[in-house]
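First the structure, in the form of structure tokens, and then the observations on it.
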């Protein structure tokens with residue numbers, strides 16, 4: 001057997017002497033052989049999880065990323081473009097054109113949220129019967145047409161009806177995409193991809209601000225159409241080709257996919273990968289599964305955590321209104337300044353994703369994100385509105401927690417991996433509950449007349465971030481001590 005000796009020379013240089021193995025070849029140091037590959041493997045895994053896989057699996061994951069991630073990112077970008085354009089439109093002429101007063105802005109948000117709540121769980125249940133490759137793109141196509149119709153609205157009532165149905169249809173996107181990602185990616189891959197797709201929501205909000213600013217400068221009044229109406233028209237047009245691409249790109253699940261871009265071997269690899277992590281293929285939804293879901297802790301803890309996340313980050317939706325109320329900024333500035341917050345949001349979301357995937361833990365990353373935004377909401381609560389520098393710092397800090405929502409939903413995918421049906425139901429119910437809470441809380445938390453200081457809203461956001469941290473810690477404990485799959489297996 002080969003032996004190795006090493007002596008350290010001045011300057012930290014190590015001189016190693018190698019004995020020969022039985023075949024006459026020099027035998028390497030075990031440390032040199034094992035440690036360097038291990039370090040390289042850790043680095044590759046941190047940079048991108050497919051780099052330390054076998055060539056065949058790496059090729060498969062890269063192909064899945066190309067089609068699945070390209071669609072979900074662009075589709076969610078469009079979804080958020082269409083969801084948040086009302087904020088930009090409101091401060092760019094819509095308020096005056098439609099004669100909006102008092103709580104009318106919040107009513108628009110509430111109508112959207114009401115449709116969103118109804119559509120969340122309903123869409124998830126439909127996806128158990130209808131292929132996601134048909135359902136998700138079809139709804140995006142229809143809501144894009146409705147967004148364009150908003151550009152022709154003449155009164156508040158029309159806008160309210162359209163916003164309700166846009167919310168109803170857009171509700172399919174977030175839980176549907178998370179379910180799709182859970183069908184194809186392993187736990188060590190999910191955090192990054194969930195956060196990347198969530199980050200595109202910030203990109204959509206950024207683009208909406210820049211687009212509205214450009215339209216206000218260059219097309220306001222062109223052909224007798226106000227800039228905010230042009231925004232709706234352009235947003236709707238952007239969504240149509242994306243929805244058509246979805247019919248081709250969305251691969252359903254590994255056990256029933258018809259995607260043209262997957263060959264026979266790809267489908268075998270996909271099935272094997274999900275079997276390795278214990279993720280079950282879809283089966284028939286029964287009342288037993290529904291009742292079983294209701295008896296498990298994920299059905300109750302995840303909705304509370306995610307509701308606190310949604311209610312906490314609602315605060316920065318009113319940044320534009322704060323800026324406009326100060327009288328210090330032009331319409332272009334009111335649309336452009338908040339985009340800095342969305343840029344910060346993207347950076348932080350990606351950091352959360354890479355760190356949580358590398359360490360294969362989510363809860364403490366979520367807690368750090370909550371604490372960062374809590375500092376912002378505390379600043380907004382404590383400092384007077386005329387301290388403009390402090391208020392601006394506080395507003396921008398509130399954007400930092402958004403990426404944590406992707407990690408909470410990644411935990412849902414991981415906790416419920418034992419059953420596709422439990423996973424679909426829990427994801428849908430989690431988001432539906434969060435937006436049901438949001439529909440009424442914003443009405444008294446952020447009255448438009450309170451601008452430039454939403455004192456109640458700031459304090460509530462602080463409270464929600466604190467509760468989110470507590471519940472996420474409890475979830476992490478339950479995932480370790482009471483895995484829900486064990487109860488399901490025992491019941492079966």
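Including glycine, each Cβ sits where the backbone N, Cα and C put it.
Listed ranges 269-292, 389-412; the one TrEMBL annotates as transmembrane segment is 389-412. Remote same-chain residues near the transmembrane segment (134-153) are listed as 75, 78-79, 82, 85, 98, 123, 126-127, 159, 162-163, 165-166, 169-170, 172-173, 176-177, 180, 225, 229-233, 235-240, 242-247, 250 (criterion: CB distance under 8 Å, separation of at least six residues from the stretch ends). Put simply, of 196-215, 227-248, 424-446, the stretch with the most CB pairs closer than 8 A to the transmembrane segment (159-184) is 424-446. When Cβ-Cβ distances below 8 Å are used as the criterion, the transmembrane segment (337-355) is approached by residues 46, 191-192, 194-196, 198-199, 202-203, 205-206, 209-210, 316, 319-320, 323, 329, 365-366, 369, 372, 395-396, 398-400, 402-404, 406-407 of the same chain, each at least six residues removed from its ends. A Cβ distance under 8 Å defines the sequence-distant neighbours of the transmembrane segment (458-479), meaning residues of its chain 6+ beyond its ends; these are 297, 301-302, 304-305, 307-309, 311-315, 361-363, 366-367, 370-371, 373-374, 377-378, 380-381, 398, 401, 404, 408, 411, 414-415, 441, 445.
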